[in-house]
Amino acid sequence: MASALPRHEDGALPQLDEAAGASVTHLDYPEPEPLVRQLRNDVTSTRTRLGRRWKRPSVYWVLPLAALRLLVEAMQAAPIIEIFTRMACQVHRPDLGIGHVRYPDWRDDPLPQPAPVTWFRAQTLPVIDLTFDNSPTTPPTRGDKCAKDPVVQQAVASIITVLGTIAGLLTTFTAAWWGQRSDIWGRTFVLAVTTVASLARDGNIVLAAYFSPQLPGKSYWWLLPGTIVIGFLGGASGNAALQAYLADCTEPGTRAAIFAINTGISWGGVALAPLIGAALIRWSGDLLSVFYVSLVANAFVLIMFIFLVPESLTSRVREENKAKRRSVFLPRRKDNARGRDWNLSVVGAVYFLVSIGTGYALFLMQLGQRLWGWDSEMTGYWLSLIGICRAVYLLGAFPLIIRVFKPKRPAVALAGPETQLQRDSVTDTDSIASSDNAAKETPVPWFDLTVTQVVLVIETIVYILVFFAATPKQWIISTMGIALGGSLSPSLMSLALAISPGGDKEVGSLFGAFSVLLSLGDDVIGQLITGALFTATVSKFPRAILIFSAVLHGLPFLLLFLIRLPARGVLRATS
């Protein structure tokens, strides 16, 4: 007459005595406490997972912060040239009587109009001419006279050359050391240090420009302290630490996509930054307004790196990273062959020459102002157009070209049914790792080499077309081709990884080595040569810098023929 059976798991019913059976007159429900405890544990574990997720290193931490830093830095490109010009004009052409250094050109010769009655009344501003063409009937302003004065232009070229050379030299000597510090002290530490350097540089520019009339001597040389700080603490080390953080947080198979996204975001910021900067300057009437925004943004980024962004390297990994490293560009002995392998040395020389050619960027903006009389606003629109073209090319056209023309890989034959079982298994982590290694694609150096050569030929042709541009419209259309050069650095990186004897084991070393070459070529040698050439030819033959850039892209094309790769049939057989 027992009404309920006790709980059991094995299906066997235990024996009950009659007294116990008689006393059981109710249903034996499970007690609620275990269920409540289980629900509480589930909620706690969910909260723990959510809490740990935001504390976990991820690319979503650094990509927005890096984009913000690049945005505010790109906003300064056009205003800094105008600030240099106005500071040099105060020193060398005081007779022109320009206004304060922080005033745009249109504030030097304001339109005659009565003072506004209320403080909030909008100021009448000049109409923006989107044709990038200045009418010859418009009388030049005092700012235009400064921008076209040869003495002022030579002084501006000297400022750019000296500041860039000092920053580049210091970065060259410290980039490798900071790269090792990021392996030992952590990525976020180095990223925070470079952010402090950016704050110091922006603060130096604001103070030197604001108090330029009161500074003794040539006021523009008071920009040196910020340049020295950025050379010691910033430079290429920040970009290397950023790429290292991205590599730490991604799998090897997805790193190329993450780097492409980072590049596309960067150039998207470069495209938008001049537009935002030009609108901010026109609204505020102050060239330093973009630097105020930069100070606030960098302060926010610094707080994030110090207190919130999680470190991507564990303490154990940082201890292991203290091992010594060797140079990746030195020629190495070939395996089972006589002689040395010079392929990486040739790639390093090509990248160094191309880096020298990239030192023309600020001088190209100065040349545009010199030839067409553009101010910082018009220069900003031009830079935005180039940035948009490069972002569209890198995010859409170039990956599509690579996908269409990349040679197809032959199917990898499996060793047997055991290998197939290992590939199908999803529970054994060792099996998954072995399957990934078995299915990993072998590099195709011939394809990477061909892509790099094609890009170099296109770059050379583009600079020749820019040299022959006779009108502002022709200049704009031809300089849009510079966007195609954005694929040169990824192509060289891919070629270097494909021919590197160490393969994936030298990715970090290659990043550091390329950063040093970029600093030495772009910031030091490139600034010296390009600055000296532009200073010597700006008054008589200002377009000489374009011929120099074309030569520096044509010569690397010839050097690439020195690379010795295995025959295509041999490579296909080994793969």
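Any Cβ shown, glycine's included, is placed from N, Cα and C.
Just so you know, TrEMBL annotations are computer predictions that nobody has curated.
TrEMBL lists 155-177, 223-246, 258-281, 287-309, 342-362, 382-402, 446-469, 475-498, 510-538, 544-563 with the feature transmembrane segment.
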CB contact flag for the transmembrane segment (446-469) and the transmembrane segment (544-563), at least three pairs under 8 A: yes
Two-stretch contact, the transmembrane segment (475-498) and the transmembrane segment (342-362), at least three Cβ pairs under 8 Å: yes
Leading stretch by Cβ pairs under 8 Å, where the reference is the transmembrane segment (342-362) and the options are 155-177, 223-246, 258-281, 287-309, 510-538: 510-538
Spatial neighbours of the transmembrane segment (223-246) far in sequence, C-beta under 8 Å, 6+ residues away: 57, 59, 62-63, 66, 159, 163, 166-171, 174-175, 178-179, 182-183, 187-188, 190-191, 193-198, 200-205, 208, 255, 258-259, 262, 312, 508, 511-512, 515-516, 518-519, 523
Contact call for the transmembrane segment (258-281) and the transmembrane segment (155-177): at least 3 Cβ pairs under 8 Å, seq gap 6+: no
